[in-house]
């Protein structure tokens, strides 16, 4: 009789299959994720720190960084508000057209960003539907900051809501009802009961939305007009520099985005870990009873 | 405070959850809404609380119309089946919540809140858990905290939705006795929903038996158990054996025994007999039903026998363990069934 512990036949694979699968996955990750990341920094620092820093403090680069930050600073709070409101409505209430709303929220995920940008040009461009009216009133949206914010809003639309809907649905509305019976107003219920329960999911959604807002290229590219020092965000600035064979400059700016990605990743892991730890602690305590 | 419910009707799509409900909850009493799942008892409780609005009808709190009052204004305490404690707050904060959300001018001082919360936690005997989080408590503890939280706002009415439904049998029994004692102490008008007839019989001052969105019977536990108003109530409150018979001049006969059927015209009748109200005999009396003992199941203090009758029906007989042993009843033995007590209802199906 064999003394080896019996393993489940379903997940039993010969060692070389395991190694092959793991190896393929690791090679893939290395080639397509790690090497590019390293090469961004390698290229950026190719000609030394001084040139790297010079490329970053260049006027146009600074203006691009500023615009990116401003765009995110406007788009993220707006989407946060919208996302929470939409998730609240969808998860806690039943109404007609609910499934349509859910589908609509997902739309930006399924539409190409370029198409999203074009839609705004068609609406607000000088030959667009509202173009003449906007011109009469001297409001510039396309090839200006408002257009960039709009395009960014569009592409980051689903992140917060998507993150919150399943969470809020799982939590149900018992606690909110309990709060209301105890005399809390809608506002008090939201701040004291709903928000604390969703804070980790919310933060997670915001982090993802922020990463997307700062890194968005397609939609912003269509509406921006690529005016240096005015309507260039970091990704657009990188493209321009690259096309001008200014590789150090391009990669230096790209490295900011790469750093942002790393910070996002770290934050994301931290939030996940924190949320996980909260539920783990709760579960462990419940099991200990 | 008394509650009057007048003609409450509630429909969910094509499903009639409540159909013209009329009842009165007396001040200070503990009333049970009893019925099978889907009978509308929880909906009725939520309508009283204001968590659900009725399509028609009126709710009066102490004589004044509260039909359109918001749940916030009704000053009710509500205990949910799954506790609904605020998971990110400590036990203390959970209980304090109702006091903290009050508008500034009616909000008690921090010291007063502290005093009241500890007083309530002592009342539910869980003062030592004040700093714990809900996830760290057992089911029974959670429900007691939920009760303390509901009582913190000094509600005029306490509403409990299957308060012990999610707990295991032992804890359930313990908690319902505790609830009864607590009610005798605080005397707040209370309505609780349950599908467990034992729970309702044990705890409530009065029971409202509901079925398919309608009230079947309202009465004290004794009334409901001893004089069930309908076959449904009779069946819902315990195990039954059903015999078919006919009413003749106000009497129905089953197995040689005559049972009163006052006021019923001569027609087919349904005669219900509880398993513990049937005697077993080895001697045939006139009209007694003959049968053969089939299965015997020991249920702790009682023994349940299945007796197969000549026309292949199964009659359940419940004996006290001692009687069973003294009688030396054997499986396969021929016996005669003699009902001691029965309820006769007109059989409308014929």
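Here the Cβ of each residue, glycine as well, is placed from N, Cα and C on the backbone.
Residues 13, 251, 254-255, 258 of the same chain sit 6 or more residues outside the transmembrane segment (A:20-42) yet have a Cβ under 8 Å from a Cβ within it. Sequence annotations record features per position, and here TrEMBL assigns transmembrane segment to A:20-42 (among others).
The transmembrane segment annotation in TrEMBL covers A:62-88 (among others).
The domain 'ABC transmembrane type-1' annotation in TrEMBL covers A:65-268.
Here TrEMBL flags A:100-121 (among others) as transmembrane segment.
Within the same chain, residues 67, 70-72, 74-76, 78-80, 82-84, 86-87, 90, 105-109, 113, 116-117, 120-121, 124-126, 128, 134, 202, 205-206, 208-210, 212-213, 216, 219-220, 222-225, 227, 231, 233 sit at least 6 positions outside the transmembrane segment (A:141-161) and bring their C-beta atoms closer than 8 Å to a C-beta of that stretch. Look at TrEMBL and you will find A:141-161 (among others) tagged as transmembrane segment.
According to TrEMBL, the transmembrane segment annotation covers A:202-227 (among others).
Residues or ranges marked as transmembrane segment in TrEMBL: A:247-267 (among others). Note on the transmembrane segment (A:247-267): residues 37, 40-41, 43-44, 46-47, 51-52, 55-56, 58, 61, 64-65, 207-208, 210-211, 214-215, 234-235, 237-239, 241 of its chain, located 6 or more positions outside it, place their CB under 8 angstroms from a CB of the stretch.
Same-chain residues lying 6 or more positions outside the transmembrane segment (A:202-227) and placing a CB less than 8 Å from one of its CB atoms are 68-69, 71-72, 75-76, 79-80, 83-84, 112-114, 116-118, 120-121, 142-144, 147-148, 150-152, 154-156, 159-164, 195, 233-236, 239-240, 257, 260-261, 264, 267-268, 271-272, 275.
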